[in-house]
Amino acid sequence: METPKPRILPWLVSQLDLGQLEGVAWLDESRTRFRIPWKHGLRQDAQMADFGIFQAWAEASGAYTPGKDKPDVSTWKRNFRSALNRKEVLRLAADNSKDPYDPHKVYEFVTPGARDFVHLGASPDTNGKSSLPHSQENLPKLFDGLILGPLKDEGSSDLAIVSDPSQQLPSPNVNNFLNPAPQENPLKQLLAEEQWEFEVTAFYRGRQVFQQTLFCPGGLRLVGSTADMTLPWQPVTLPDPEGFLTDKLVKEYVGQVLKGLGNGLALWQAGQCLWAQRLGHSHAFWALGEELLPDSGRGPDGEVHKDKDGAVFDLRPFVADLIAFMEGSGHSPRYTLWFCMGEMWPQDQPWVKRLVMVKVVPTCLKELLEMAREGGASSLKTVDLHISNSQPISLTSDQYKAYLQDLVEDMDFQATGNI
């Protein structure tokens, strides 16, 4: 008979009580707060002992068999975190994973007595919460099959409750009915340089005159008709105003802005940022706004400088805000870039009064937000990830959040210089 997969919380409490895994320990006498080592797998000083808790859970859950399967620390850690994500009786109390000397996370049980509750082997209900497996009438029969024994620490008054293995039954797990999560983080493929696609929309005095969606692995350039087409970055030519505007003076001014673009405004992705650089004479200001309007009631986020690159979007805070959004923050992260060409940013005027406004939407970021909205706050919902030239991947909301958390950790690790 196949051994049933253990539930994460009773298993974790037992590991904490045993105290045999390096760095895994209770932090208070009431045993409600505990620490888990959280070192990045690519650190130069990383050793297998640093990932003992993740490997132990991988073995206990049947995801890894020593000598048979290839060790995969990142997958072990992601599966462990995904299992904890859907436990409402737990919360992350402190994230010290960036500590250069002792990277770890602190968790705590948020409900008084929850630690003892999960130790009794409570099973999850359909909402991811905990419920007792037996009614009060059946409690005497339940305790007949239990052996009460002291904890390893003889000075403690707590008692460990160990069930007779023959009495254990496998608990239903919604993840058993879903597609298994891919070993590699699929979000890295979605955000790979060759996957960056941009939806570009241009407005002349508030009127939409151009929209195009295009793959730009090396970046793009917003240009007029006089640009050098042999330069790097894919040229996106803004249309002549003649066929769109009736006011002769406005057409003339728009034409001057387009001519002043020269070799264009370049936008490209490198590392975890989007970068912009102005190659012509026309000044340009940028801001992160909503997809339907540029939030012109405030000042710009910055100016695009001539012949000097500058970051206009950072993926790290976007992903962090996306995780917070999934956890119920209510704040939807922004990803739409607006550029005002040839004039000051419309801080005190309606944006539709500006001669040339260009909106750029990275479609991969839009898709990430849509996936978060589809999953919502429910760990039981699934989201489909669509990547070019591949089959859609179905993920639970918890798996999706775990992959996002992986991205944040990787970006933090790269930002600290690979300690």
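Just so it is clear, glycine is given a Cβ too, placed from its N, Cα and C backbone atoms.
The following features are taken from Swiss-Prot:
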DNA_BIND  5-111  DNA-binding region
MOD_RES   SER14  phosphoserine
MOD_RES   SER97  phosphoserine
MOD_RES   SER123  phosphoserine
MOD_RES   SER135  phosphoserine
REGION    140-419  region 'Mediates interaction with ZDHHC11'
REGION    194-353  region 'Interaction with HERC5'
MOD_RES   LYS359  N6-acetyllysine
MOD_RES   SER378  phosphoserine
MOD_RES   SER379  phosphoserine
MOD_RES   SER379  diphosphoserine
MOD_RES   SER388  phosphoserine
MOD_RES   SER390  phosphoserine
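Where Swiss-Prot records a feature, it is marked here on the structure.
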residue: SER14; record: phosphoserine; Cβ within 10 Å: 14
residue: SER97; record: phosphoserine; Cβ within 10 Å: 18
residue: LYS359; record: N6-acetyllysine; Cβ within 10 Å: 21
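Under DSSP, SER14 (phosphoserine) is assigned to a helix (H, G or I) in the three-state scheme. With respect to their backbone Cα atoms, SER97 (phosphoserine) and SER14 (phosphoserine) stand 23 Å from each other.
Cα to Cα, the residue listed as 'N6-acetyllysine' and SER14 (phosphoserine) are separated by 54 Å. When secondary structure is read from DSSP and collapsed to three states, LYS359 (N6-acetyllysine) falls in the strand class.
When DSSP labels each residue, the DNA-binding region (5-111) comes out as 37 helix, 20 strand, 50 coil, counted as helix, strand and coil in that order. As a whole-number mean, the pLDDT of the DNA-binding region (5-111) in this prediction is 87.
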